[in-house]
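Enquirer: From TrEMBL, for reference:
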type: COMPBIAS; residues: C:674-683; note: compositional bias 'Pro residues'
type: DOMAIN; residues: C:50-560; note: domain 'Cytochrome oxidase subunit I profile'
type: REGION; residues: C:660-683; note: region 'Disordered'
type: TRANSMEM; residues: C:12-40; note: transmembrane segment
type: TRANSMEM; residues: C:61-83; note: transmembrane segment
type: TRANSMEM; residues: C:103-127; note: transmembrane segment
type: TRANSMEM; residues: C:139-163; note: transmembrane segment
type: TRANSMEM; residues: C:190-214; note: transmembrane segment
type: TRANSMEM; residues: C:276-299; note: transmembrane segment
type: TRANSMEM; residues: C:311-335; note: transmembrane segment
type: TRANSMEM; residues: C:347-369; note: transmembrane segment
type: TRANSMEM; residues: C:381-404; note: transmembrane segment
type: TRANSMEM; residues: C:452-476; note: transmembrane segment
type: TRANSMEM; residues: C:496-519; note: transmembrane segment
type: TRANSMEM; residues: C:589-606; note: transmembrane segment
């Protein structure tokens, strides 16, 4: 069930990330292959016992070669650099995949050692299972209520850190129905190895049914319920909550940032410092928006 | 005039032997490395300035009068150390000792003021464990204070060496490096004053 | 106040059979070394000639001993991880998470801080002063202090096996996990103090190496006549001086968080964990180049000597080294592209990272072009060099891939990353040091290492490396995260079994190293290096005797060209005995550095276990030792000219009895040194 690979993408994001990997790989071959060939050739040809090979101890500098050995790698890096710049801007995890489509918003909380998914529009929550409609962009807002975690669904793309008191974002999309695995990949302690979840993309209809199933679970996720859930535990079975206290996600972040004053820049003079301090400020997450 | 140039020469090339020059050069490099430590502590302080966690902010805990007094003491001690160096260049042993003693007194005054500042802040509930901001403040200013304390121990050691050995070449070489250290701490303090105390209060 | 802080009898490892046996092996290992020294009656010689020595050559050798011991320990950790993962499909294997986590943490910590760093410092210490025609480093006393601080750190890691536990937070110790809230025990403290104490030693080493290169060069040894190894040391030393403060600051802050309840990196209380991660990698990335640049230097020396040809593109190689040094400070953010920085920030650091591939590529091509039209002799150091060239570019390839932020989003924290950095560090760093060890061993001890076992070791290392790490690339592409104690994906297991086999073959490579040393010592009389120039060398360290006299050079050499010694041989002035000698001043032996290191070890132990009175006492004692030493205005002794004359006469007698060049019997020998016909612009 839980077998999938980065090489077997099920969505446009992981597909594009993989494509960039392949492109860079093949571009790099332009320098890698000559190294292999030269190493093999020179090792064989210039072995000391081969008296037929030319021995030229004075061949220690030759300017056209110098230009080539600097120029060729530099040219390739420029080429790669364009790919890198372009790819990084296109695949910014914070960017919505399709601005014209309303995404499904899910709030993700990393806990020891499980994942909590809150669906604010549906007002449901679920532990260790992320279900979403195929073909509809998924907008994830991610934080942690414990140590730093890193959220990834290899078949769809990722990853991004989950950090307490901060919020990061990730946009994903599945092209076909299926069940994938997702997990924390940043070591987080005793239960780390089992900190995984099912990511399931389903038809719109099945999604509605699934939401209804959660609604029927009859369990509330209020403050007390949350506190109990947040305690360390591992291998927790999938658990549904039929309703969630509004603002729970923000309160999890706020818990760690409350009371922090304005930044240094407020009392400082330069606009650069003002910007820097906003960027490092707690509630907006690790990136100024 | 001629005296001044002789002084400069002695200050720049302590002892004059390649060995002492090497030591002075190595010490400069150590200071550069130490300067990186302070740079990173300053950076951390700026990053954590707003992380007060509901605790006191800069303007609640800093006192400009005290900071100004500390600055005065430390700058004066740098001057008196300079006087000791000039006396050393003239091989005037008694003056060297006198100026070094004055420097120690000023340095002790600085440490006393800083210590009472820290104690007062901790008593008011503004200790380093109160918030990230205060952790950064205590670590930055405390690291400087620790350096000053080590400098004071060093000066006292040098007083003992001058007493026992006189102004010998190795002693002059050590005195020269001690001077670099002491003036370096002064520069760091000026940065602390202008980055920590002034913006925190104005 | 508790007299022993938080140290109790429960801290002994009787809670688990595996932990207890690890402790047992450590204690028995220590005891057997003590017994062996007693049996040999070597205590006096050990203290009098080695532990108290300020001679850069002996200090260098002791560093390498520390490195080799820690290599064993670090490898045992690796073997345990590989075997655990090979069996832990749908099962818990034989290591519980708490133990597995200590093992991957200590493996990384040991291999970086207590294997690679001492190996590097050892080789630099032994070789660099001789290469520049100097009698010692600039500050021999501080050099010994550096050594013993490094040993103190290594000692703390070792003793954590016996008393208490080691960190579970990985070698990078990321907070908030490593903070007091999530890991309150002593483990992270052991890690912190081991790293801090040895890090101070490394900073001092950096200062020492830099001043030595700038101030202690022989007459005529201009910067652009320095051997390439010394150039790489020069750049690495600068990196040590400027990068290690970041590690010190990060670790001190984390220690304050843990012991005095500060809030630098905690979740609440106004902490900011990203500040730690920035500081750590601000050191961590230059550190990679601190490790690898001197290894590049070794490869440069080895490839030239065994191609019997001057290094191709010397200036290019120097410039590339400097470029790497500068760029290494501009790329640290690529260790956390997934933090959520903006696309522009990520692109910037990604592009800076790929740019490093340019000077590195230049180096690879220049080494290959050194082989071009050479006469290659495949001694073990040369085999390691060729193995490095081929394998390293694969690591460079995966490095460039990881430098693309979107690729990193997928591959970060997977075994692909593990494969990548092992692919840089095993062929790039360790092969370099092993090549250096086999290359300069005859210089240190006066006899050559057995070539058959060296070659066998090379093949085991390289085959083992490919088997152990290529599967990890594949696993990374399959999404397998690093640091998995067990897993439930069946497709991963076959690859992990292959990787475990690879680790076993690497183990054979380590066994070969041990056998090589044993056989070489046993048969040393048949492989004596009487000339001091066993490989027909090119740089000044081959001018000295093997092993060198305490002063290295009775008369400082006059340098007139790149490859100074080759040039002297070609001009026929290398072995002309001077008419008379002058007395030589050298540092006296002293036990103070050993005492400083030993006390620092106790200090670290006290800080780990919160035994405050002991921490204060040891710190005061170290301060006292330094002050005591500062009163000593006569730390040197002078060897009279007659003694120098006697030593040198013996050497020239020996030289006269044997042909100067021990490579001349090689089938691939290309002829005695003669002035190279150089093209315009190469001088």
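Every residue gets a Cβ built from N, Cα and C, even glycine.
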Enquirer: Do the transmembrane segment (C:589-606) and the transmembrane segment (C:276-299) come close, with at least three CB pairs under 8 A (pairs 6 or more apart in sequence)?
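Expert: Taking Cβ pairs at least 6 residues apart, the transmembrane segment (C:276-299) and the transmembrane segment (C:589-606) are not in contact, as fewer than 3 fall under 8 Å.
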Enquirer: Averaged over the domain 'Cytochrome oxidase subunit I profile' (C:50-560), what pLDDT does the predicted model reach?
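Expert: Mean pLDDT, the domain 'Cytochrome oxidase subunit I profile' (C:50-560): 96.
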Enquirer: Residues sitting near the transmembrane segment (C:103-127): Cβ under 8 Å, six or more positions beyond its termini, same chain?
Expert: 56-57, 59-64, 66-68, 70-71, 73-74, 77-78, 80-81, 95, 137, 143, 146-147, 150, 153-154, 157, 160, 166-172, 187, 191, 194-195, 198-199, 202, 205, 209, 229, 233, 236, 287, 290-291, 294-295, 298, 425, 429-430, 433, 436-437, 440, 443-444, 483, 541
Enquirer: Sequence-remote contacts (6 or more beyond its ends) of the transmembrane segment (C:139-163), Cβ cut-off under 8 Å?
Expert: 7, 11-13, 19, 22-23, 26-27, 53-56, 59, 62-63, 66, 69-70, 73, 106, 109-110, 113-114, 117-118, 121, 125, 186-187, 190-191, 193-202, 204-205, 207-208, 211, 587, 590, 592-594, 596-598, 600-601, 604-605, 608, 629, 635
Enquirer: Report the listed stretch (C:61-83, C:276-299, C:347-369, C:381-404) having the maximum count of Cβ pairs within less than 8 Å of the transmembrane segment (C:496-519).
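Expert: It is C:61-83, which has the most Cβ pairs under 8 Å.
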Enquirer: Determine which residues of the chain contact the transmembrane segment (C:381-404) at the Cβ level, with the cut-off under 8 Å and only residues 6 or more beyond its ends counted.
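Expert: Counting only partners 6 or more residues beyond its ends, the transmembrane segment (C:381-404) has Cβ contacts under 8 Å with 299, 302-303, 306, 334, 350, 353-354, 357, 360-361, 364, 367-368, 411-412, 416-417, 419-421, 423-424, 426-428, 431-432, 434-436, 438-439, 454-455, 458, 461-462, 465-466, 473.
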